[in-house]
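For reference, the structure discussed in these notes is given below.
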C-alpha cells in the first residue's frame, strides 16, 4: 500500500530488541576470537540499541524520573547541578593527532624507510672514507643528501594533501542549535542550547532545530524533517502518543538536530550531547578506523618485494665481496650501491604526482578527491552501496500520477517538469486542481518570480510543496488563484483524523456559496464521500466506483508512491449564508456526503541520469546496492526504476505471489532480487547476511539505521569486495568512513557526510561516479605501466656492480649516476604515462581482484627485469666496452683489471696499446664510462616508455603523438642527458664527462629491438587470449 494512510516515523533502530542484534553478535564473535580491545569494544557497543523507555512512561513517571515538572520545568538549582554532572549539551571532539605526528608518518612509510636506510649507509661510508682520505668520498655524501631530499620533499607533499582534509567531528558541531526556549521554575526564557540538561522543559516551533532528544508532551501540527538522520524525504508527525515500542519509531520522541518544519511542540529533554542519537552517530563515525586503500596495500606489497630483493642481493654482494678479499668498508659500499640501484627512488614521487594529476582531472568533472589514494580505489570498486534520498533521487517530493475520470495519468517528474501531457480540459481535472491548490498551507518564499518553479523555495512540508509546485506549473499563478478563494475556516492535518479540510468563499461575487475542500489518506477521504466526479458529472459512489478507486489506489501504492485523496462539497447559501461563523470545534458544517474528485500520488523521483549510470556500473561488473531508511515498497520501486532491480528480476515475495504459494515454500536461490528491511536485518545472523549478499545479485536494504549500514558495508568487505558508499545525510557518515571509499554529495550533502567521505560529487550526480570509476581504472592501468617502466632500468643499474665484483672490470656505473637516472631523466617519462588514454573500453572489464590483479605481478616483474631489462643491460655493456676499447682498453684486458685500476699509487698502468695511464687519467676514463652507460640506459628507456603506452594494443593503434606530454618528456629527457654530458663543471661535481657522438648511437639498435620485441609480445596476447603466451607475457 502507499504511504498516504500512515505518517509513521520509519525505523532508525540502533540495534537489538530482546532477540539481540547483528552488530552485537559480531562483537561477541570478535571478542571470542581474541581480537578487539577497549576501543573496538566501545565501537561495537555503539551499534546496540539505545536502551530507554521514556516514550512509554506517563507524564507523572517522567516527572519522577527526572525530578522535573511538566508545567514548570526544572529548578534552576537542579539544572546547574545536572549541567555540572553531565557536561554541556555538545558533542565531545575526539583527540586529534598532533601535526608533527602526521608529518612524521609521511616520512616513515615502507619505501621511505628503505631510502632512509640507504641514506644512512651512504653517510656512514662517507664518514669512514673521509677519515681515510679517500678521493671519492663526496659521492656518498651527495647520494645521502639526495636520498634525504627525496623523502622530505615527497613527505611534505603528502602532508599538505592530508592537511587539507577537515576533522569529521567539526561538521557535527555545526548541527548544534545556537538557542533553545526553556521553562525553568515556571519562567520561559532562551538559553544557549549547550546549557540544556535532561529534565529541561523546552518549546520549539516551525523553523527551529530540535535542541536535544525530546519526549513530546504536547504538540500542535508538529512535523519534523528526519531526512538527514533517516534518509526519508517525507516529514514526520510528532505527537504526545506512544505509537511504537521502539523509541526510534514512536512519534513522541523528537531527535536532536532534526528540523521542526511546522507547528509547535513542548517536551522534556531525555538525552543531551554524546548520549543523543546524533551524538552516538558522531562517536561511531569518528570511532571507525580508516581502512587502508587498495593502492596503499599494493604499494606496500611492492615495497616488500623490492626491499626483500634489495636486501637479498645486497647481502649476497656483501658476502661475495668479503669472500674475495674486499675490505668491510668496500663491501658495505657494494651493499649500499645495490640498495640504491634496486630502490626506485623516483617511484614515490611518480605515484604521488600521478594520483594528483588524476585528482585534478576528476575535479574538472565535478569530483573532488580529499584522499589521493581514493582515486584508484574508486576504479577498483566492485560494490557501490548507495543511499536513495538525494543520491539516486532528487530529494524533493514530486507529483507523479493522478487518478481522475477513472484513468491513471502520468505527470512529468523530470527536473524541470515541463512536459505535462495529461488531459487538462476535463471538468474533473479542474475540480481536482482547485482542491489541491486551495487545500494547501504551503507558500512560495517571496521574491522568486524569476526562479524556475521546480527550484523555488517553499515554506511548508514536502508533500504540500510538491502539490503547490505542481499547481503552479499547471494553473499558472497558484498563489493568485488561491487568493481568489479566500479561506474562512481550516482544520489542519492531524494523525487522528488523517485529513486536512478548509472552507472558502467562491471567486464569483455573484455566487454566495462556500466551497469545502478536503485532502488526506485516500480511504479516510473516500469514507466521507457519497458521490464521485466523472467527466464533470457527480455520480453516486456505488460499489463499482469503489472497486475502481481501490484498484487505482493499490496500483499507485504498489509503485511505492505516497497517495492522497481529494474531495469537495459546495455548501448551500441557504444553510451557510455569507458571513456564517464556521466553528472547527463544534464542526457546524458537514464533513460527510462529499464528492470525491480524484487521487494524486507523489514520489521523490530518481535523477534523470541515474538509470544510465547504474547500467554502466552493471556493464563494468560493479554491483549497486541500495541502502536507505525509507519504506521497503518505496525503496523497491525506486530501485526498479533506476535499474538496481533489473527488468524481469523477482524477489521471493514476487515469486510467491506469481505462483500463489506461501513465501516459505519458495527457494530463495530462485530469486535474483531481494529486499530486506531493518527489522529483518536486525534478526539476521552475520553469516545469513553474507549468504544473502552472495545469493542475490540485486539487493535493496530499507528502513536501515546508520549502524546497520555500517554492518552491511562490513559484510560486503567480508566477501572480498572493494566497497564504495554514497550518501548525503548525517546517517551515512559512519558507513562513508568505514567503506573503502566514501562518496558524498556536494550540494545536498551534510558537512558530516562530506568530512567522512574520500570523494565529493559537486553536482550531486550519481552518474559522476561512473566517470570516477573510469578514471580510477585508468590510473591503475597507467600506474602499472609507469611502474613497469620504472623497474626495467633496475637490471642495467644492477648488472654493472655484478660484473664489477665477479669479473673485476672497472666500475661501469656510479651511484650518483644511478640517482640521476632515477630522479632526473626517468621521472618525467614515468609521470607522463599518467596522461595516457585508455587503450580499450575499460568500462566493459570486470573490477580487478585485489588478491590476484596486483599492481606488480610476476609477469610484469619477469618481463621488465629479465627481458626488456636484459636487453638494456646488453646495450649498456656494449657501449661501455666500445668506449673503453676506443680509448685503448680492449674487453679481454678489462677482465681482472679492477685491482690495478683502483690502485691510487699506480701511476703507469699500460693499456692494450702500451700507453701508460695515471690514476687521475683512469678516474677520468671511469667517469666517461659512467656517462656512456648512463646515456645507453636513457636511449633504451625512450624505447621502453614508447612500448609502455599500451599493454595489449599495438603502439601504432594507440598513436605515438596522442599523448603530447609524453613527447615533451622524451625531449626533456634527451635535453637533460645532453646538459649533464656537456655542461662545464659536471666532472667535478657529479662525475659526468663529455662523450663522443658515436657513443650515443651504439644503444639505438637495442632500442629498436625492444620496440619490435614488444610488438610481437602484444600481437601474441591479442591473437591468443587465454594461452600460455597471454598468461605469462600479459602484465
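Using the three backbone atoms N, Cα and C, a Cβ is placed for every residue, glycine included.
Record features (Swiss-Prot):
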- 1-98: topological domain 'Cytoplasmic' (TOPO_DOM)
- 26-40: compositional bias 'Basic residues' (COMPBIAS)
- 99-119: transmembrane segment (TRANSMEM)
- 120-142: topological domain 'Lumenal' (TOPO_DOM)
- 143-163: transmembrane segment (TRANSMEM)
- 164-299: topological domain 'Cytoplasmic' (TOPO_DOM)
- 300-319: transmembrane segment (TRANSMEM)
- 320-331: topological domain 'Lumenal' (TOPO_DOM)
- 332-349: transmembrane segment (TRANSMEM)
- 340, 341, 343, 345, 797, 822: K(+) binding site (BINDING)
- 350-783: topological domain 'Cytoplasmic' (TOPO_DOM)
- 387: active site, 4-aspartylphosphate intermediate (ACT_SITE)
- 387, 389, 728, 732: Mg(2+) binding site (BINDING)
- 784-803: transmembrane segment (TRANSMEM)
- 804-813: topological domain 'Lumenal' (TOPO_DOM)
- 814-834: transmembrane segment (TRANSMEM)
- 835-854: topological domain 'Cytoplasmic' (TOPO_DOM)
- 855-877: transmembrane segment (TRANSMEM)
- 878-929: topological domain 'Lumenal' (TOPO_DOM)
- 930-949: transmembrane segment (TRANSMEM)
- 950-963: topological domain 'Cytoplasmic' (TOPO_DOM)
- 964-982: transmembrane segment (TRANSMEM)
- 983-997: topological domain 'Lumenal' (TOPO_DOM)
- 998-1018: transmembrane segment (TRANSMEM)
- 1019-1035: topological domain 'Cytoplasmic' (TOPO_DOM)
Task = Could you put numbers on the helix, strand and coil content of the topological domain 'Lumenal' (983-997), residue by residue per DSSP?
result = 5 helix, 0 strand, 10 coil
Remark   = Here the Cα-Cα span from residue 387 (active site, 4-aspartylphosphate intermediate) to residue 732 (Mg(2+) binding site), rounded to a whole number of angstrom, reaches 8
Key: Nearest-integer angstrom distance between the alpha carbons (Cα) of residue 732 (Mg(2+) binding site) and residue 343 (K(+) binding site)   = 42
Ask   = At the level of the C-alpha atoms, what whole-angstrom distance separates residue 797 (K(+) binding site) and residue 728 (Mg(2+) binding site)?
value = 51
Key: Spatial neighbours of the transmembrane segment (814-834) far in sequence, C-beta under 8 Å, 6+ residues away   = 122, 139-140, 142-143, 146-147, 150, 336-337, 340-341, 344-347, 349-350, 353-354, 357-358, 779, 782-783, 785-786, 789-790, 793, 797, 927, 930-931, 933-934, 937-938, 941-942, 945, 948-949, 963, 965-966, 968-970, 972-973, 976-977, 980, 990-992
Note = Students should find that the Cα atoms of residue 728 (Mg(2+) binding site) and residue 343 (K(+) binding site) sit apart, in Å rounded to an integer, by 43
Key: Surrounding CB atoms that lie within 10 Å of the CB of residue 340 (K(+) binding site), all protein chains   = 26
Ask   = Secondary structure at residue 728 (Mg(2+) binding site) (DSSP, helix/strand/coil)?
value = coil
Request  = Could you find out if DSSP has residue 797 (K(+) binding site) as helix, strand or coil?
outcome  = helix
Ask   = Apart from its near flanks, which chain residues at least 6 from the ends of the topological domain 'Cytoplasmic' (950-963) lie with a Cβ under 8 angstroms of it?
value = 781, 784-785, 832, 835-837, 839-840, 1011, 1014-1015, 1018-1019, 1021-1022, 1034-1035
Message = Could you check whether the transmembrane segment (300-319) and the transmembrane segment (930-949) come into contact, where contact means at least 3 Cβ pairs under 8 Å with the two residues of each pair 6 or more apart in sequence?
response = no
Inquiry  = Let me spell it out: take the topological domain 'Cytoplasmic' (1019-1035), skip the flanking residues so only those 6+ beyond its ends count, and list any with a Cβ under 8 Å from a Cβ in it.
reply    = 784, 788, 857, 859-860, 862-864, 951-954
Ask   = In this structure, which of the binding-site residues 732, 822 has the fewest other Cβ atoms within 10 Å of its Cβ?
value = 822
Request  = To the nearest whole angstrom, state the Cα distance for the pair residue 822 (K(+) binding site) and residue 389 (Mg(2+) binding site).
outcome  = 50
